[in-house]
Amino acid sequence: MKHYLSISDLGNLQSAAKEAISLKKDPYAFELLGKRKTICLLFFNNSLRTRLSTQKAAMNLGMEVMVMNFGNEGWQLEFQDGALMNEGKSEHIKEAAQVVSQFADIVAIRAFADLVDKEKDEAEIVLNGFKKYASIPVVNMESSVAHPLQALADAITLEENKIQERPKVVLSWAPHPKALPHAVANSFVKMMKLQDAEFVITHPKEYKLNPEITKDCKIVHDQEKALENANFVYVKNWSCYTDYGKVLSQDKNWMMTKEKLENARFMHCLPVRRNVVVEDAVLDSNQSLVIEQANNRTYSAQLVLKRILEKL
Amino acid sequence: MKHYLSISDLGNLQSAAKEAISLKKDPYAFELLGKRKTICLLFFNNSLRTRLSTQKAAMNLGMEVMVMNFGNEGWQLEFQDGALMNEGKSEHIKEAAQVVSQFADIVAIRAFADLVDKEKDEAEIVLNGFKKYASIPVVNMESSVAHPLQALADAITLEENKIQERPKVVLSWAPHPKALPHAVANSFVKMMKLQDAEFVITHPKEYKLNPEITKDCKIVHDQEKALENANFVYVKNWSCYTDYGKVLSQDKNWMMTKEKLENARFMHCLPVRRNVVVEDAVLDSNQSLVIEQANNRTYSAQLVLKRILEKL
Amino acid sequence: MKHYLSISDLGNLQSAAKEAISLKKDPYAFELLGKRKTICLLFFNNSLRTRLSTQKAAMNLGMEVMVMNFGNEGWQLEFQDGALMNEGKSEHIKEAAQVVSQFADIVAIRAFADLVDKEKDEAEIVLNGFKKYASIPVVNMESSVAHPLQALADAITLEENKIQERPKVVLSWAPHPKALPHAVANSFVKMMKLQDAEFVITHPKEYKLNPEITKDCKIVHDQEKALENANFVYVKNWSCYTDYGKVLSQDKNWMMTKEKLENARFMHCLPVRRNVVVEDAVLDSNQSLVIEQANNRTYSAQLVLKRILEKL
């Protein structure tokens, strides 16, 4: 694997999840693999899980880690080709990406969607800028439209917790006061398409996801119907895709409750707003898998870094 | 030792100070103890000494260190049980504490008093939130009402510098333009109660500390009288405790001077405002122990981490 | 070498450049030299290259690295001797420098010119404050008037790329929308004075550098004439030195172009504003050495740290 930009870069998902689970059992088995190798984690946005789990994964592999908050600590970047740079931006992505490549063996990048201009977000200018100009592998720590480290952690969690050969997994929209990106939902959908499972997406009619991503997925607008006999329920808010980046409704009836969940396991990528997205009773029950998902972020990142290191 | 939240968690103070002094003589004696162990330092407030000394202590023990400024880099935390989280806060302490526990073996936390609501500050919601929900040991890097790593460093400094078997130690309030927390003074008082020493607290009448903490301590409002024949004088400002968080006076007569100090050694936790809290002549003399105190912060933290690691 | 504050601290420049080139060929040859040694990188201003390259250099030598953004994470510093500190600044450089010295073996500092008060900038209060009060070696990661790690990287780049025994090197001013410091230009000039080269400085009449630094240098105000038969052209903006810190003109005719450059190699310290300082056609051609310069920042820092470590 050269870059890890999308869940599809993994090749066979099941074998990736299984390899990650074996890393979880013996996290230091490859601690010499990353010796004298450095990863640079570049954050254009805030992070808790991603920052700590990716750092931890790299350390488990014996790597050196350099963490940088690009916004506060570095220079404002220009991404436009041919730009006349006489305003606020003092460095072009062409130089920034090549320069970082001189000091690290892998670069990992977090750059969220702005949720203002759909075309611009979908162009993934930060991530693709690094991919285009960096001479080292690039790892996606959540970009405008994808969060493949989360999706792999979710696949690991499903693999560890499924009882049925072919579980029913539901992705349910939930209300939220702020406009949130589609990255987690997109990567979860893409990952589920690679799973042997019954997969259903449920959301209010006005909250459909990018139809190219949900193509061939079963979409049900009646949440109750969608949840019937579910084994896993993945809850996530996202803002409107068609009326891009808008919060059209915050219908409280879509909050996940213990009653709705029945016997299914509850999943969420975190951070989660309690009693808005999901009620306390769910998170505080042993039906919740959210902490296991967070824990699996380490082994998701470790699998990805291991595969990249092996090809360096 | 599971957590280090208060100086009393150490058990016998003298043996802790002595063990720290032996670590100071051979700082790498236990550099394998922390191998493959990670400490996460979470800062909700600024730090110089605590950040660098705790990081250094962990590295001396062979640990990996992850430093995070929670305010700028992470998510705003909710601490209220049962809160409906539809406003500014995007993550609950329940998840945050459990999540950090997935990526580290020890978590250390700095979260100052707000000095607005005494009850809230004394509830130590950040520190106690982590203690309650984290599954790993928690270290106090200065909380609302306690700074036990400083107090242990002070105990080490006293142990190293005392000539008399039973020295006279004075804690003296000093003026300051800003409202400061009581944490350092509180932990120093608690620590002194565990010492074989003549201990006197002196402050203007309106600046009494929490009476539960100073219970059984000798308090003298006449600074000159208090300082008579002192061997060590610990100077520190704190804001009013009764009229909570207020700066009632900045009486310059309470500033420590070389004349007042006579032959005593001068102590302060730093940072210190020169010529407001203490005059230059004291800090620039060899009666000052402030740099030794700062240096001992490393061995204070190292002793604490060593004891926690031994119980992991 | 005790401190590295100026390019002249290196002693013989040619042998330093050659030693750095040999480190580049075998970066881990001295990875035991820095074992159990810690460097503290203190940033009073933003940084990309300097932060990552100095951290990388230290890690190549086996050192531990502590990075701190002093402005955001620490306390506001007072530099005035005898100051009565009853306003915004809560720690004096005397304490800060001594305290950092307790936790690290080397301290590296970045503190830019304010470009408001020439005398104050030239006094280098931050760098010299640390030099005066720290008990450990101090490395300049760009101060008000000097950037000697960049100048050494430039010397390495010249050494690696020169074809002629005595190349012609031109330092050319370029326009820029913001007022920039003189540090890079100053250190480049000082470094060139130690080279066996034909060295020419060209700038608009009103943009002369500090005459003490450019003393004995050939200065030509006609850029075209200056560039004739150049082998290397180092382009850099700086603000006015006489009308201190002002942007007097942004004459676009001074932008470096492929046509002007002819067959010379192009150098710049980065970050660079494309199509303002230099046109795309130069940066995107293989005449550009900017990425090699950035890469050599690692070996510049590594040579400096190696020499300091050898004297510890």
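Numbering starts at 1 and runs along the chain as it is shown here.
Cβ coordinates are placed from backbone N, Cα and C, and glycine is handled just like the others.
Annotations in TrEMBL come from automatic prediction, not curation.
Listed in TrEMBL:
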- C:2-160: domain 'Aspartate/ornithine carbamoyltransferase carbamoyl-P binding' (DOMAIN)
- C:SER47, C:LEU48, C:ARG49, C:THR50, C:TRP75, C:ARG110, C:HIS147, C:PRO148, C:LEU149, C:GLN150, C:CYS269, C:LEU270, C:ARG297: carbamoyl phosphate binding site (BINDING)
- C:GLU142, C:HIS176, C:LYS236, C:ARG273: N(2)-succinyl-L-ornithine binding site (BINDING)
- C:184-305: domain 'Aspartate/ornithine carbamoyltransferase Asp/Orn-binding' (DOMAIN)
Cβ neighbour count within 10 Å of C:HIS176 (N(2)-succinyl-L-ornithine binding site): 22
Largest separation between Cα atoms (Å) of residues that the record links to carbamoyl phosphate, namely C:SER47, C:LEU48, C:ARG49, C:THR50, C:TRP75, C:ARG110, C:HIS147, C:PRO148, C:LEU149, C:GLN150, C:CYS269, C:LEU270, C:ARG297: 30
Residue counts (helix, strand, coil, in that order) that DSSP gives for the domain 'Aspartate/ornithine carbamoyltransferase Asp/Orn-binding' (C:184-305): 48 helix, 20 strand, 54 coil
Among C:GLU142, C:HIS176, C:LYS236, C:ARG273, which are recorded as binding-site residues, the nearest neighbour of C:ARG297 (carbamoyl phosphate binding site) by Cα: C:GLU142
In sequence order, the binding-site residues (C:GLU142, C:HIS176, C:LYS236, C:ARG273) whose C-alpha falls within 10 A of C:LEU149 (carbamoyl phosphate binding site): C:GLU142
Residues near C:TRP75 (carbamoyl phosphate binding site) in space but at least six apart in sequence (CB under 8 A): C:LYS89, C:SER90, C:GLU91, C:ALA96
Shortest C-alpha distance to C:CYS269 (carbamoyl phosphate binding site) - which of the binding-site residues C:GLU142, C:HIS176, C:LYS236: C:LYS236
From binding-site residues C:HIS176, C:LYS236, C:ARG273, the one whose Cα lies nearest C:HIS147 (carbamoyl phosphate binding site): C:LYS236
Intrachain C-beta neighbours of C:SER47 (carbamoyl phosphate binding site), sequence separation six or more, cut-off 8 angstroms: C:ARG110, C:MET141, C:GLU142
Chain-internal residues near C:ARG273 (N(2)-succinyl-L-ornithine binding site), provided their CB is under 8 angstroms and they sit 6+ positions away: C:HIS176, C:PRO177
Cβ-based proximity (under 8 Å) of the binding-site residues C:ARG49, C:TRP75, C:HIS147, C:CYS269, C:ARG273, C:ARG297 to chain B, or none: C:TRP75
Within reach of chain A, those binding-site residues of C:SER47, C:HIS147, C:LEU149, C:LYS236, CB-CB under 8 Å: C:SER47
Confidence summary for the domain 'Aspartate/ornithine carbamoyltransferase Asp/Orn-binding' (C:184-305), mean pLDDT rounded: 97
Lowest local Cβ density (other Cβ within 10 Å) among binding-site residues: C:LEU149, C:CYS269: C:CYS269
C:LYS236 (N(2)-succinyl-L-ornithine binding site) versus C:ARG49 (carbamoyl phosphate binding site) - Cα distance in angstrom: 17
Sequence-distant neighbours of C:LYS236 (N(2)-succinyl-L-ornithine binding site) in its chain (C-beta under 8 A, six or more apart): C:LEU171, C:SER172, C:TRP173, C:ALA174, C:VAL184, C:ALA185, C:PHE188, C:HIS268, C:CYS269, C:VAL277
Secondary-structure category, per DSSP, in which C:LEU149 (carbamoyl phosphate binding site) falls: helix
